[in-house]
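What TrEMBL says about this one:
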type	residues	note
ACT_SITE	A:LYS155	active site, charge relay system
ACT_SITE	A:SER230	active site, charge relay system
ACT_SITE	A:SER254	active site, acyl-ester intermediate
BINDING	A:LEU204, A:SER230, A:ILE251, A:GLY252, A:GLY253, A:SER254	substrate binding site
DOMAIN	A:99-551	domain 'Amidase'
Protein chains: 2
Amino acid sequence: MSADTILAQVDVTQYEDPEKFKAFIPKLEKYRQALNDAILPQYSVELPDKVENLTAKQFNPVKYLYSQKLLTPSEFEITDSSAPQLVAKFATGELTAVEVFKAFAKRATIAHQFTNCALEIFTKDGLKRAEYLDDYFKKNGKLIGPLHGVPISLKEQMDFKGRQRHACFVSKIDHICEAHGTNAQILENLGAVFYIRTNQPQTLMHLCSDNNFIGVSRNPFNLSLTPGGSSSGEGALVGFGGSAIGVGTDIGGSIRAPAAYSGCHGLRPTSKRIGLAGSLSAGAGQESVMAVAGPLARTIEDIDYWMKHYINDGKPWEVDQNTLRLPWKEVAAPKASDLTIAVMYDDGIVRTTPPITRGLKETVAKLEKAGVKIVEFKPIRTQLAYDTVNSMYTCDGNDAQRELLAASGEPLCRLTKWSLNYGGGKELTVTQNRKLNMIRDSLRQEYTSFLIDNKIDFILSPTYNNVAPKPKQVYNWSYTSLFNILDFPTLVFQTGIFQDPEIDQWDASYKDYKFRSELEEIECNIYNPKEFVGAPVGLQLSGRRYFDEEVVAAGKTIVDILQVDLTKIK
Amino acid sequence: MSADTILAQVDVTQYEDPEKFKAFIPKLEKYRQALNDAILPQYSVELPDKVENLTAKQFNPVKYLYSQKLLTPSEFEITDSSAPQLVAKFATGELTAVEVFKAFAKRATIAHQFTNCALEIFTKDGLKRAEYLDDYFKKNGKLIGPLHGVPISLKEQMDFKGRQRHACFVSKIDHICEAHGTNAQILENLGAVFYIRTNQPQTLMHLCSDNNFIGVSRNPFNLSLTPGGSSSGEGALVGFGGSAIGVGTDIGGSIRAPAAYSGCHGLRPTSKRIGLAGSLSAGAGQESVMAVAGPLARTIEDIDYWMKHYINDGKPWEVDQNTLRLPWKEVAAPKASDLTIAVMYDDGIVRTTPPITRGLKETVAKLEKAGVKIVEFKPIRTQLAYDTVNSMYTCDGNDAQRELLAASGEPLCRLTKWSLNYGGGKELTVTQNRKLNMIRDSLRQEYTSFLIDNKIDFILSPTYNNVAPKPKQVYNWSYTSLFNILDFPTLVFQTGIFQDPEIDQWDASYKDYKFRSELEEIECNIYNPKEFVGAPVGLQLSGRRYFDEEVVAAGKTIVDILQVDLTKIK
């Protein structure tokens, strides 16, 4: 069966109502116009061609940015600095918040021009905030907090005081937030500068970005590909270098897929370490598999810095009762020879495409050479894990999604249909839901015991069976959602490897390969080497629950071994 | 409506099957015989009268123990020591595990003779374990762990390797555990000596102790009263001094009610700090309100010591994936003048009886005199909290309970009927269940913000509207379950105050009091001053989620101010 045949089975009449939707069309047009008007001339550039044409030729905006020097040397230096480097320079007065802000505002605006990453741009407000911070520093001789002047981007679903927040549900287009949600509040308390809120797919349940507001975002390394989802705009923006640190959310891969696809790093922390109260999703009250928020950035130091200060200085437990009072520990980057890593080459559900297979093998070879002990990881009950987590996503029979969608009657995007029905889409009883929880707990115990008993520190795995897929064509979440159901903290890191159509071809044995499922067949058939040029290879590093600090610290060691520097893609 | 009228509405045919149950009767008789045979002559005493007669005259075994010197001075000294005191003496060789064990075995056996607190006694095995520990100390010159030689009792529902574990479901009478559950395993690793497993009610959902195995336990301060539940046997045993530390569980008050009623202290920690994997209850997979395990003891130092070593040395996250990797912090007992405590005199659901009102007022007066800042706490949406948590308990339509009960067809105990139907007993949809979770989260946020915004450290409240009630007559859980739905760590501490039939009479205004509900009327009508002689008054001290250490530390300060010494009841 093709994907289209499966999608055609969805009863869209439960959700769509073209008549009702008509009333929202002018609002959506106004919304798009406002977004367009927010692109200020001082921050924008002229594109080399129409975006459609650039997309058709797999244009790489990141390379173009550097090769055509779209920024001044000073702007490059600023926007290629890590947040702790910027903050250190604010503290000595070497940099002002305003000059840093302007550089990021320009790079972010260009990112949006190429990738359609933003749902909202408010660089005027950002500038005012930067001016305020400079003024504060002048008056008080000290920084306002550990994120003083750091330009931070937020996924739109998070409440932002005085602004619209719709999470790409058309029915919520008129909702204005009375207060900041947990994340905007904590980050603002710490000194962050906000200026952009980013794109996400309808229902937040695609590893892509389509919606009825502004449509798909594009990948900053190849405009014909998706930046991933659901933190789509964060992936595209941070991958392009348009914000120092971005904040996304992840219930099935929504931080990690965008990070991996779009060429940056991203952390899905253990649940409840980062707050999520004050945000819109259809998952409210759903606790079988928890959504989490977490950072995307271009250095692991940024991720560590953000986590440390968000938790230790932000004290999220004082803002959001559902966060743990669990300080972020200082953990030094381990020596390579102290690490034991289990590698999962294939999760038993969908085999990897050639660039991922190569990326994983080359990475393993470099790690082994550096002294890391590598063992092979045979997936443990991954099909059960995948079936279970998929049932969890839809076990209210999609009631919550239906309510949010049907309220506007908006058309369903292609991948919305996929996600609504993927787990079965049947409403379960409380007893059936509890049984899913018990399966989940037995899986968590089994993976935990396996790691402890075998003295394995981390699991290394693909983020997805492929590199960044084409828009609206990503069906499998098995590699990421495994760590959602396990609730294992998982870092996506860049390997420094990119798809190469000459090298990354299916080998001779592929023509005889027997697909293990329709899903695998659909996914593998999409991969044509010529159509994924230059897509980054990002991998997952997972540790046990609450070992977030250790995962991030090991990520530093690994990225160091691999000599990855995302500011040197020139 | 009377309680009996309400109970008569339960459709017992869904659960009971007298024919099926017949097959279990000989097994239950054998079980009781084995328990009786386990009472060894060297540890037991002759009771002053038949238990029925003692019960009829509200006999106080604790007073009798001390006044009649049922133990030798050395046995008293040992069993009235705290665990850290014992361990210190093991470390110097001043005490051996065997002599300590024998003293506790005797006191525990006497406790059981009076109160029917044990489901299983295995003092022969306990003695062997103590001998092994002495041997270990002799050979290695050091203790095996921080609980070396400490006699610890466990609620029966927790798995214990090689032994039966039925949680008082008759259908599980033949179940033999293949391995220790989390708690037995961790405590054994730390050096504990096990010798007794304690009584609990059918379904574990009464604040009393009735079941078809051995029936009710009795209160060690007044045999005509219940020791509470569901950690009934732990309350009676620890209140009598028969184990150094007991381990109970609590989803609605099941550690705190027994501690308060039976004259000891007890802690309901924040969820997931102490493990519960490897135990039987009908709550598996139910996560809206979490069951927790925690300690009961006669000093706050014991509770602190147990929590610290269980967490920091036991590392429960390595044994049970569902526990937090959150170390136990050292928190010094605060100065009285640094404390701000909000007092809840009435939760708005059921008014307190005279001994509780007096106990609370006298306690507050002493705290204020010592410098504690006291503010009055007006209950926040307590009725909503109570309705919500009760719905959570039964929101699977009692499917899990029904399966466990109907498998033997055992007769329903009086309070089982109450608990099965109290929250409505209707199966909810996943969507309805999620709405309960959202109500819960809004309550948690409201209470948390209230404490933070008003700079209040703790809430002081009754544990129950009355002192220890009569067996099978306890209907209201509103005071305890509030802190289950909030997931606030809550310490029950003894005030040193006991019911006095001369003083603790309803005041003149009571005859004009208009009951706010049937529940309140039923509860208040039970209180006749003459029938609750000498029952202890224990109160609750609650803090914000994950502030367990602060709650325990403040408990030390309070008990110190009140000059409570549970080993001086003579």
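Using N, Cα and C of the backbone, Cβ positions are placed for all residues, glycine too.
Sequence features, as recorded in TrEMBL, placed on the structure.
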| residue | record | Cβ contacts under 8 Å, 6 or more apart |
| --- | --- | --- |
| A:LYS155 | active site, charge relay system | A:ARG197, A:THR198, A:GLN200, A:SER230, A:SER231, A:GLY233, A:GLU234, A:GLY246, A:VAL247, A:GLY248, A:THR249 |
| A:LEU204 | substrate binding site | A:GLN157, A:ALA167, A:CYS168, A:GLY229, A:SER230, A:THR249, A:ILE251, A:SER254, A:SER281, A:ALA282 |
| A:GLY252 | substrate binding site | A:MET205, A:LEU207, A:VAL289, A:VAL389, A:TYR393, A:TRP477, A:THR480, A:SER481, A:ASN484 |
| A:GLY253 | substrate binding site | A:LEU207, A:THR463, A:TYR464, A:TRP477, A:TYR479, A:THR480, A:SER481, A:ASN484 |
Would you mind pulling the longest C-alpha to C-alpha span across A:LEU204, A:SER230, A:ILE251, A:GLY252, A:GLY253, A:SER254, which the record has binding substrate, in angstrom? 11
CB neighbours of A:SER254 (active site, acyl-ester intermediate) within 10 A? 34
DSSP on A:ILE251 (substrate binding site), three-state: which is it? coil
In the same chain, outside A:LEU204, A:SER230, A:ILE251, A:GLY252, A:GLY253, A:SER254, whose C-beta lies within 8 angstroms of the Cβ mean position for the substrate site? A:MET205, A:HIS206, A:LEU207, A:GLY229, A:SER231, A:THR249, A:ASP250, A:ILE255, A:ALA257, A:ALA291
At a 10 A cut-off on CB-CB distances, which of the recorded positions A:SER230, A:ILE251 has the highest count? A:SER230
Reduced DSSP state (H/G/I helix, E/B strand, rest coil) at A:LEU204 (substrate binding site) is helix
